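Contents: one structure, followed by commentary.
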Amino acid sequence: MSTRKKKADAEVAQAATVAASPDIDVEELEGIGRVTGAKLKEKGYYTVRDVAYASVKELAEIVGSEERAQQIVEAARKMLGLHSFISALEVYERRKKIRRISTGVRALDELLGGGIETRAVTEVVGEFGSGKTQLCHQLAVMVQLPEDRGGLGAKAIYIDTENTFRPERIMQIAKARGLDPDQALNNIFYARAYSADHQMVLVEQAKSLIRQHNVALLVVDSVIAHFRAEFPGRENLAERQQKLNKHIADLLRLADAYDVAVVVTNQVMAQPDVFFGNPLRPAGGNILAHGATYRLWLRKSKENIRIAKIFDSPYHPEGEVSFRITEEGLVD
């Protein structure tokens, strides 16, 4: 066997080992000593995976130079097998390992190809009262169910920006699904975000919770509220979008790095120049449009019936289904 082949096989074996143990300490990375390791951990980069998914610019502020940061990021990505091209077949094999959380609504699960995916950001858009927060509450319960019942046997993180989280609703849904209501609440890590900056800090802090606990769902309800309130007017639009872009990028990295399903809700805004068709469009512009992996639009129908439409997806066809909001949660 050639030296080159042996080296390649060794790299593959090392990447497989690290992939099976993603929480390997950052100080185990080649070229990282205790001092640099301590600096990285102080800023929230505890593992090789944390560093591999970080941006060079962020690390440069910690280690002192972009050149040094580039070396560290490349070493981490090489260790994880993220440093080169792979075949489309390997991508397919990896996607077969994607996990899904049932919404608890059979028709909606079918529309989504089995439920809410991990390693992706799913955006839920709709007017006030369309059922966005109700769906988030239900997902925070559903993720706790065992896999044979549509869940992942895991916990959830819930970042609330508009004070709409209700423990009482969680208890109702949990009881209807055969879970102990108090235990269901105990399996949800909750935080109220009071500003856009606070919201972004909470996402950073969520990484630590995910590492320490069996978390498979992160909810941000709503992702846009603070950004719209703090950056009003066209004169602040560029700054708002730049900040929102970083926030969405952080959520995408978190979803992929930790095999977590990220669900964000989004508000709608009117288009006064539209005279035909739907005059509403999602807030957040192209930043959210390009940042979310899957986009779901909820709207009211008669009484307690809601309509869910998938309107943007890499592979799902457009389609819509109806569901009902009851005391027991969302049902067909």
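Numbering starts at 1 and runs along the chain as it is shown here.
Glycine is treated like the rest: Cβ placed from N, Cα and C.
Copied from Swiss-Prot, the annotated features are:
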type	residues	note
BINDING	Gly126, Glu127, Phe128, Gly129, Ser130, Gly131, Lys132, Thr133	ATP binding site
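There are 25 other Cβ atoms within 10 Å of the Cβ belonging to Lys132 (ATP binding site). Same-chain residues that are not part of Gly126, Glu127, Phe128, Gly129, Ser130, Gly131, Lys132, Thr133 yet have a Cβ within 8 Å of the Cβ center of the ATP site turn out to be Gln134, Leu298, Lys300. Around the Cβ of Gly131 (ATP binding site), the number of neighbouring Cβ atoms within 10 Å comes to 23.
For the binding-site residues listed here (Gly126, Glu127, Phe128, Gly129), the lowest count of other CB atoms within 10 A around the CB belongs to Phe128. Secondary structure at Gly126 (ATP binding site), taken from DSSP and collapsed to helix, strand or coil, is strand. The DSSP secondary structure for Gly131 (ATP binding site) is coil. Cβ neighbours of Ser130 (ATP binding site) (same chain, under 8 Å, six or more residues apart in sequence): Leu298, Arg299, Lys300, Arg306. Under a cutoff of 8 A between CB atoms, and with a sequence separation of 6+ in the same chain, the neighbours of Thr133 (ATP binding site) are Thr164, Phe165, Asp221, Thr265.
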